[in-house]
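These features come from TrEMBL:
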type	residues	note
COMPBIAS	42-55	compositional bias 'Acidic residues'
COMPBIAS	56-65	compositional bias 'Basic and acidic residues'
COMPBIAS	137-152	compositional bias 'Basic and acidic residues'
COMPBIAS	153-163	compositional bias 'Basic residues'
DOMAIN	101-135	domain 'U1-type'
REGION	28-65	region 'Disordered'
REGION	137-180	region 'Disordered'
Amino acid sequence: MSVPGIRCDDHRRRWDVREFEKKASDRIENLRSVKKKTNTTDESDDDDNNDDDDDEKQKQRKSDEKKIARTLLQARECKVDLESRLGKSVIVTKATAPSDAGGYYCNVCDCIVKDSINFLDHINGKKHQRNMGMSMRVERSNVDQEEKMRAQRRDKKKDGKKRKLEEYQSTNDNDNGVEDDMAAVMGFSGFGSSKK
């Protein structure tokens with residue numbers, strides 16, 4: 001609101017400071033009366049303490065909110081099916097169910113994602129994991145668990161090497177048998193190698 005009695009040729013607006021101070025103090029008093037109604041505790045009139053009290057109350061509200069116990073992040077137990085509908089044409093109408101429509105459907109979050117990369121991003125993302133009841137935190141491992149995992153990896157690596165060696169030897173044994181059969185059919189004893 002402009003203050004009356006100011007020159008008309010001045011284009012700048014001038015505000016009545018007293019009027020706005022009065023409005024501000026009324027608003028503050030209304031807020032204090034509402035706080036007194038909601039809280040049975042007495043509050044001090046000091047503004048610094050009010051700010052601290054407000055911060056504490058906000059923290060308390062957040063902690064008082066219903067906390068959902070979420071499990072730690074776990075490995076997926078089932079295989080993600082990305083190839084079953086690959087390259088197939090689907091006619092989509094208004095009556096088509098969302099799971100049968102084009103794209104990848106997430107039944108946990110009830111959403112459709114258009115391509116496989118975004119679908120993988122979705123199922124590994126925070127929103128999907130929360131809907132599954134998991135937090136994004138991983139269980140911390142201790143020294144014993146790490147030693148067990150290293151031993152398992154070492155054993156798996158040794159087993160893989162043994163299996164590859166056995167496969168190689170079995171293929172070489174079969175190749176010699178094929179050569180001997182071929183030589184017998186052709187009517188001579190070998191293909192020129194004197195060593196066996």
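For all residues, glycine too, the Cβ spot is worked out from N, Cα and C.
Annotations in TrEMBL come from automatic prediction, not curation.
Here the compositional bias 'Basic residues' (153-163) has no long-range neighbours, meaning no same-chain residue at least 6 beyond its ends has a C-beta under 8 angstroms from one of its own. With DSSP states grouped into helix (H, G, I), strand (E, B) and coil, the domain 'U1-type' (101-135) comes out at 14 helix, 7 strand, 14 coil.
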